[in-house]
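*Asks:* Annotations per TrEMBL:
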- 14-130: domain 'Response regulatory' (DOMAIN)
- 138-256: domain 'Response regulatory' (DOMAIN)
- 296-429: domain 'GGDEF' (DOMAIN)
- 438-693: domain 'EAL' (DOMAIN)
- ASP187: 4-aspartylphosphate (MOD_RES)
Amino acid sequence: MLFTSDFIAPVQRKILLVEDSKAYQGMFSSAFSETEYQLFICNNGQEAMDLIGHQYMDFVCSSYYLKDMQGVELCKSVREITKNACKPFVLLTSVESQGLLKNALPAGVTDIFQKRDISQLLAYIKRFPFQGQKSSGKILYVEDSRSQRETVQTMLRARNLQVDAFASADEAWSQFLVEDYDLVLTDIVLDGMMSGLNFVNLIRRQLGSKGDIPVLAITAFDDRTRRLQLFHLGITDYIIKPVIEEELFVRINNLLLKQHALKLMANYDILTHLPNRTLFSERFNLAIVNCKKHKNILAVCYLDLDGFKQVNDQFGRDMGDRLLVEVSARIRSVMRPQDNVSRQGGDEFALLLADLQSFKQCEELVTRLLEGIAQPYRFNGQQITIAASCGVTLYPDDDADPDTLLRHADQAMYQAKLLGRNRYHLFDTAQEKAHKVLQRQLAAIKQALERDEFCLYYQPKVDMQSSQVFGMEALIRWNHPTNGVLLPAAFLHYLAGSELEVVLDAWVIENALKQISLWNQAGLKLQVSINIAPNQLKAARFFSNLRDSLKRHASVDPGQFQIEVLESGVLDDQPTVCQAIQHCRDQLGIGIALDDFGTGYSSLSHLRHLPIHTIKIDQSFVRNMIKDANDCAIVEGVVSLAKAFKLEVIAEGVETEQHKAALLDLGCFRGQGYGIARPMPAEKVQAWVRGYQF
């Protein structure tokens with residue numbers, strides 16, 4: 001009879017090591033000396049089978065290659081000796097294990113570990129349920145015979161298994177849809193509208209993990225046709241009536257063990273045995289819930305090893321794997337019970353540091369973590385030194401969903417690498433919020449272009465001595481559907497350096513040229529200027545786009561078109577910008593103006609070599625020149641410079657008659673400002689020009 005007192009696990013769990021290497025036996029014994037486990041060691045497969053034949057073992061660890069047989073053969077023999085009793089059987093190997101596991105599973109092997117990973121194996125053993133422990137297995141049982149149902153139900157519950165028992169498949173199906181089970185046990189022939197076969201068929205048609213649940217069928221038939229039919233439907237295993245309790249328990253326990261092993265493979269990284277992305281995601285969601293409940297801080301960390309590729313390249317992949325296993329152990333040694341760590345792939349790890357009261361706590365943990373990883377590693381007499389970079393973001397300060405939080409921590413990790421590696425970097429939530437605002441504004445501007453919501457206003461430039469209007473400055477406006485007419489200061493800064501800036505500049509050029517053409521047709525000859533950012537001038541497409549626009553508007557004299565460039569922008573990259581504007585001036589024949597002159601600290605030598613036609617005195621000097629002698633002196637100096645270099649000069653910020661008189665006294669005849677006219681829509685320009693009198 002199976003599972004007599006010999007097969008009931010004692011308080012001290014028994015672990016069997018089958019290994020012919022004395023050195024490894026010693027390492028194993030040392031590792032297990034401080035645990036609650038009782039370790040047994042056999043030198044070969046035959047010794048192990050003899051021991052297992054009369055002594056219960058909770059866990060078997062065997063070398064893949066033994067002197068008298070292979071570990072896979074030993075596993076098959078152990079399964080036969082114990083009548084397939086539910087005991088974990090792990091193979092130990094010195095070679096790559098991923099491919100071996102696939103071949104070993106059919107023999108009943110639970111998992112494969114690298115021999116060097118004793119600490120990982122210990123963690124794995126602690127996670128594994130043992131005989132005599134309360135099992136987490138939950139069984140859905142369907143049997144129409146009341147006596148049989150009660151007998152089996154009592155037996156399973158006595159073995160610490162949870163059982164929901166039903167007399168009909170219809171009732172069981174309703175329960176299956178709302179509960180999660182680890183195994184379904186069902187009779188094939190059932191009273192009621194739904195047979196056991198139909199019940200199994202419905203289960204297998206379910207999507208996701210519910211449909212993958214193991215199903216143990218009970219049948220009175222043992223012919224080949226019925227067996228094939230059962231397996232074709234998706235039965236995992238079957239048992240023949242009359243049911244022997246001990247045999248049934250062994251079958252159930254074996255299926256639960258395999259299911260548990262599959263769950264481990266699905267939720268843990270096969271190399272480091274850390275939680276993988278799937279399990280980490282579940283724990284992440286729970287950590288968020290707990291953080292909200294307890295109103296504390298959750299630190300989300302993303303860690304990447306510095307120089308890991310070089311280790312792989314120099315010492316080989318096997319050494320790289322050993323390093324990853326050791327790094328994983330060092331990470332776990334720093335983690336507290338409430339923390340979580342996961343291998344995300346390659347040499348990247350994600351961590352959740354929970355129940356924090358301040359960033360200082362997080363800082364201390366992360367510092368310990370990085371210091372621990374940076375300590376030298378020794379493998380077979382070879383010393384390896386490696387470090388790590390870590391990105392951190394704090395929830396709920398960074399109030400995002402788990403995927404976004406992890407992405408933010410990843411971004412911060414790359415910042416840590418840029419700052420020199422072997423350090424951490426805290427994610428900047430304010431910067432992220434600004435980035436989101438930027439993206440929203442860019443999307444809105446793009447949509448505004450598509451909906452034709454932009455227009456150009458024109459501010460006159462006049463000769464204050466002759467009262468002649470000689471030009472206009474084109475200024476963009478946004479006819480916002482909800483916020484009204486927006487000035488450039490409300491949106492242009494969002495475009496800096498973006499592709500949309502190029503598109504909008506092209507739109508301004510095209511519409512300004514179109515308007516000049518219309519005024520020409522109406523007999524109004526004006527020069528129109530537009531503002532261009534220096535970085536746009538340097539763009540490869542700017543010149544060709546401008547040339548093409550001028551060609552499309554052949555009725556416009558290129559001299560009627562002028563671009564204004566900020567003095568400060570020219571000075572930032574004078575050689576490149578000068579070359580660009582000279583190209584436009586000489587080959588296209590357009591005018592070039594230096595805007596806001598006086599704010600960029602131009603030297604005389606710079607000014608002498610700039611390929612410009614016009615200087616525009618910054619409005620801040622003009623506005624204050626009446627009351628401030630220094631500003632007046634600056635304006636006078638700029639006017640003198642312009643005359644010396646034979647450049648036109650225009651004063652911006654002309655607001656009063658006093659400004660006009662003072663400028664005329666200094667020899668500055670051209671002006672622009674609210675005292676002359678505010679910017680106006682194109683359709684109002686002709687009437688204003690006809691009625692202008694300063």
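Keep in mind that glycine also has a Cβ here, set from the backbone N, Cα and C atoms.
Just so you know, TrEMBL annotations are computer predictions that nobody has curated.
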*Asks:* Given a separation of at least six residues and a C-beta threshold under 8 Å, show me what packs close to ASP187 (4-aspartylphosphate) in the same chain.
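*Replies:* Non-local contacts for ASP187 (4-aspartylphosphate): VAL142, GLU143, ASP144, SER145, GLY196, ALA217, ILE218, THR219.
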*Asks:* Using DSSP, how many residues in the domain 'GGDEF' (296-429) fall into helix, strand and coil?
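*Replies:* Secondary-structure breakdown of the domain 'GGDEF' (296-429): 60 helix, 43 strand, 31 coil.
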*Asks:* Considering every residue in the domain 'Response regulatory' (138-256), what is the mean pLDDT value?
*Replies:* 85
*Asks:* Just to be sure I understand, if DSSP states are collapsed into helix, strand and coil, how many residues of the domain 'Response regulatory' (14-130) fall in each?
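*Replies:* Split by secondary structure, the domain 'Response regulatory' (14-130) comes out as 52 helix, 26 strand, 39 coil.
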